[in-house]
Every structure is written in C-alpha cells, then in structure tokens.
C-alpha cells in the first residue's frame with residue numbers, strides 16, 4: 001500500500017523466454033559492453049592526447065563517446081547480473097534513475113548527430129569561414145542547447161512516470177527500466193505518459209532528421225558535379241553510417257513497443273537491447289576505420 005516508498009523495488013525479467021542459453025546472452029552483451037568501453041575509451045584518449053584533434057567535429061565525437069559509455073553503463077551491468085547472478089531486483093529510485101539516464105542520453109545523442117551534420121555542412125559548403133562560424137563559444141552553446149533540450153523532455157516524463165501509483169505487479173518484462181514497460185504496471189491510466197513519450201521522441205527525432213536531411217541536401221547541391229564530390233562524400237561517410245545505426249533501429253524499437261501489439265515481447269525486448277548496445281559498440285569502430293585522422297593519431301599513440 002506504499003507503492004512509491006524507497007523500500008519498494010521492481011523485478012526485471014531480462015529477456016523473456018531466453019531459452020536454454022541465458023548465460024550465452026550474458027556473454028554476448030558483456031562482449032559488446034567491453035568493446036564499447038575499450039573503443040570509446042580509445043577514441044577519448046586519442047582526442048585528449050593529440051593536439052591536432054581539437055576541431056569541432058572531434059569535440060562532438062568525444063561527446064558522442066561519453067554518451068555511449070554512460071548509456072551502456074546504465075543498462076549492461078544490471079542486465080548481466082540478471083543473466084548470471086539471477087539478481088533481478090532493482091529499487092524504485094535506481095529504476096527511475098536508470099530510465100532517466102537511458103532516455104535522456106538517447107535524446108542527447110540525436111542532438112549530437114545533428115550537430116555533426118551541421119559541422120559537415122559548414123566544413124564543405126563554407127570552408128573558409130569554418131573556424132569563425134564554429135568557434136569555441138558556438139560549440140559550447142550547441143552542447144548546452146542539446147543537454148537542455150534533453151532535460152526539458154525527460155524531466156516532465158520522469159515526473160509523470162514516478163507520480164503513477166504502482167499497485168499492480170512489480171515485474172517489468174524488460175532488461176532495464178524502459179518507461180513504456182513501467183507505466184503499463186501502474187494502476188492509473190498510462191496513456192498520457194505514453195502519448196507524451198511518443199510525441200516528444202517523434203518530435204525530437206523527426207526535427208533532427210529533417211535538419212540533417214537539409215544539411216546533406218545542401219552539401220549535395222554544393223559538391224555535385226565538382227571534382228571534390230567523392231572526397232566530400234568520403235568525409236561524410238562515417239557520419240552517415242552512424243546515423244543509420246542510430247535512427248533506423250531506434251525508430252523501429254519506439255514504434256514497435258508503442259503500437260506493435262502483434263510483435264512478441266521477446267522480440268521487443270531484444271530489439272530495445274540491441275538498439276542501446278549495437279550503435280554504441282560500432283560507433284568507435286566506424287569512426288576509427290573511416291576517419292584517417294583518428295587512425296593516424298591512434299597509430300602515433302601506440
């Protein structure tokens with residue numbers, strides 16, 4: 001009868017019906033977590049130690065690496081304790097904090113990807129004014145705007161979710177405290193928070209994708225037919241790969257969990273888990289493979 005007291009807890013299922021190999025899933029996600037930590041850690045170390053990597057694009061790349069580490073660290077350790085130690089309990093405060101970290105970092109990451117698209121536009125379409133337009137003050141303002149936008153979205157959502165009375169089952173059919181899985185356990189109408197979440201995330205992602213499309217449209221218009229065309233596309237190649245890795249599974253996961261009643265819970269949970277772990281694992285690999293500056297700086301460091 002005291003559902004929101006600090007002594008209460010939720011029970012995370014992990015991946016429903018994992019079959020005979022829950023330990024195997026743990027090994028898979030643990031390997032992805034280690035690759036994420038090592039890859040993003042190396043990117044951060046290289047950018048920190050190499051003075052030639054002080055331009056705006058590498059500042060955004062460092063921010064992306066930090067976000068990826070925070071995102072997976074808020075989810076994977078608890079997920080591994082479910083798979084390997086059968087430790088499925090998570091306190092109310094810890095659960096809502098995990099929810100806040102997961103969903104705010106996804107919003108921040110979308111903003112960083114937009115900032116990187118703007119950086120590519122300025123670098124290719126206005127190369128002589130690149131340093132003047134994207135100076136330190138502008139970069140700081142962009143980063144502040146990205147963080148404030150995420151907070152403006154997540155603080156009301158967190159308030160809506162935490163204010164619900166949780167007097168039904170405390171079993172969350174998920175690997176982490178995903179807000180849609182949480183509100184379905186409330187004994188009040190979960191539709192307002194669900195609609196707010198879908199509308200807010202759709203607005204953020206839709207707006208970011210629209211501005212990214214405009215940026216690349218203007219890049220295409222500038223370089224099409226010129227000798228530097230392929231060089232420009234090569235410069236943008238790694239960013240485009242990261243965009244696809246982030247937005248495609250993210251949008252599929254959001255709408256499947258909200259509207260995909262015909263999709264099994266097992267598939268929904270696995271999709272949400274892969275959406276958090278796969279891009280964070282592949283981002284540093286994509287950038288280190290496609291960006292010659294980071295490759296050369298890494299070889300120099302080694």
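Backbone N, Cα and C atoms are what each Cβ position is placed from, and that goes for glycine too.
If you check TrEMBL, you get these features:
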- 20-47: transmembrane segment (TRANSMEM)
- 39-287: domain 'G-protein coupled receptors family 1 profile' (DOMAIN)
- 59-84: transmembrane segment (TRANSMEM)
- 90-118: transmembrane segment (TRANSMEM)
- 139-161: transmembrane segment (TRANSMEM)
- 198-220: transmembrane segment (TRANSMEM)
- 232-256: transmembrane segment (TRANSMEM)
- 268-287: transmembrane segment (TRANSMEM)
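Long-range neighbours of the transmembrane segment (198-220) within the same chain, counting only residues 6 or more positions beyond its ends whose Cβ lies under 8 Å from a Cβ of the stretch, are 107, 110-111, 113-114, 117-118, 120-121, 124-125, 149, 153, 157, 232, 236, 240, 243, 247, 250-251, 254-255, 258.
With a cut-off of 8 Å between Cβ atoms, the residues of this chain six or more beyond the transmembrane segment (268-287) that come close are 13-16, 29, 32-33, 35-36, 39-40, 42-43, 61, 64-65, 68-69, 71-72, 75-76, 79, 102, 173-176, 178, 238, 241-242, 245-246, 249-250, 252-253, 256-257, 260, 294. Confidence in the domain 'G-protein coupled receptors family 1 profile' (39-287), given as mean pLDDT, stands at 84.
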